[in-house]
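Colleague: Below is the structure I would like to discuss, written out as structure tokens.
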Amino acid sequence: MGNPGSRSDLDADETSIVTPIIETLADAVPKIRTAFETHRAYEGEENPSGEEMLAADVYADELLESRLGDLDCVGTYASEERADPVDTGEGLSLAVDPLDGSSNLTSNNGVGTIVGIYDAELPATGRDLLGAIYVLYGPTTTAMVATEAGVTEYLVSDGDLDVLTEEVEINDEGAVYGFGGPVPEWSREFRRYAMSIQRRLKRRYGGALVGDVNQVLSYGGVFAYPELETRPEGKLRLQFEANPIAFIVEQAGGESFDGDSSVLETEAERLHQRTPLFVGSEEPMAQLIETLGGRARDPHVTTRDSPWE
Ligand code: AFP
């Protein structure tokens, strides 16, 4: 990443599409963060992916639906916590993971919020993303904002946004790795890859996608949640998690892979569809793609100009 800057507020030219969305999100963030203290109990209900919901999941989802759904530019609010999208009028489609890694609240580890901004009806492919944002509730609260213009990291404080890093760029070699899922359930090829990576990189895995990817963007490296014996489709949700994260990493100069091609090429069939996800620095990702087989993305292809269509 580059050096911290002193510029405050958003750069209107670079991020005009996402400006109302990121500003509204930033305004909601302190409320979500405060709710962690009082909304830690499980609700006794499951989300559409069959996971138990915490009170904080429900709180963040309802707050974001009312705030983001109210924006003139937003036509659809879809969430990992809801079976169906909410029609909010004409405009862009948002796919939101209101509280990514919420089970980390129990152990007081990092959690996040992810927003994919699609210029298409959902479910859509990653090539329909105009932008993607994640918020990381760590020791400080930060937001990574990606558009076609690039990636900017902000400090989110009292609802205000201050630039921390302009032009976030992932390094090519990498220093850390984080792989999800039980090792005995990984494929033989992925286990072979993991054996080789652990000789060179340092293991860092926290169990919240946003936190794990943020350290890969910070230090370089690779994050993977591969297909498992009992979950051949992987664990992470394509619309809400994999696509926005792949968009951010690719816009920062990294690679994404779903076991076949770039995650952004994955055909979207269902709103809550899952996918294997691999993202990271050029070098470890090239080795991964070679080991698992598949095709690397053409570096000359922009997010909205795909040769696979
Ligand atoms: P929770 O929201 O249930 O905590 O799941 C988080 C998550 O979807 C994603 O943020 C993590 O990368 C992944 O699951 C962690 O999965 P494991 O608990 O299997 O490591």
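Just so it is clear, glycine is given a Cβ too, placed from its N, Cα and C backbone atoms.
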Colleague: Please identify which of Glu80, Glu81, Glu90 is recorded by TrEMBL as part of the Mg(2+) 1 site containing Asp97, Leu99.
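Modeller: Site partner of Asp97, Leu99 for Mg(2+) 1, according to TrEMBL: Glu80.
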Colleague: Among Glu229, Glu233, Glu241, which residue does TrEMBL annotate as binding Mg(2+) 2 together with Asp97, Asp100?
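Modeller: The one candidate that TrEMBL places in that Mg(2+) 2 site: Glu241.
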Colleague: Which of the binding-site residues Asp97, Gly101, Ser102 have a Cβ less than 6 Å from any atom of ligand 1?
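Modeller: Passing the 6 Å Cβ check against ligand 1: Gly101, Ser102.
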Colleague: Just to verify a number: CA distance, Asp100 (Mg(2+) 2 binding site) to Glu80 (Mg(2+) 1 binding site), in angstrom, no decimals.
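Modeller: Rounded to the nearest whole number, the Cα-Cα distance is 9 Å.
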Colleague: Averaged across the domain 'Fructose-1-6-bisphosphatase class 1 C-terminal' (170-290), what pLDDT does the model get? Just tell me the whole number, please.
Modeller: 97
Colleague: Neighbours of the Mg(2+) 2 site Asp97, Asp100, Glu241: Cβ within 8 Å of the Cβ centroid, same chain, sequence order.
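Modeller: For the Mg(2+) 2 site, the extra neighbours are Glu80, Gly101, Gly112, Thr113, Ile114, Tyr134, Leu209, Val210, Leu236, Arg237, Phe240, Pro244, Ile245.
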Colleague: Under 8 Å Cβ to Cβ from Glu80 (Mg(2+) 1 binding site), same chain, six or more residues apart: give me those in sequence order, or none if nothing qualifies.
Modeller: Asn47, Pro48, Ser49, Val96, Asp97, Pro98, Arg237, Phe240, Glu241, His272
Colleague: Beyond the listed site residues Glu80, Asp97, Leu99, identify every same-chain residue whose Cβ lies within 8 Å of the center of their Cβ atoms for the Mg(2+) 1 site.
Modeller: Asp57, Ala60, Asp61, Ser79, Glu81, Val96, Pro98, Asp100, Ser102, Thr113, Ile114, Phe240, Glu241
Colleague: Tally the residues of the domain 'Fructose-1-6-bisphosphatase class I N-terminal' (41-156) by DSSP class, grouping H, G and I as helix, E and B as strand, and everything else as coil.
Modeller: 22 helix, 56 strand, 38 coil
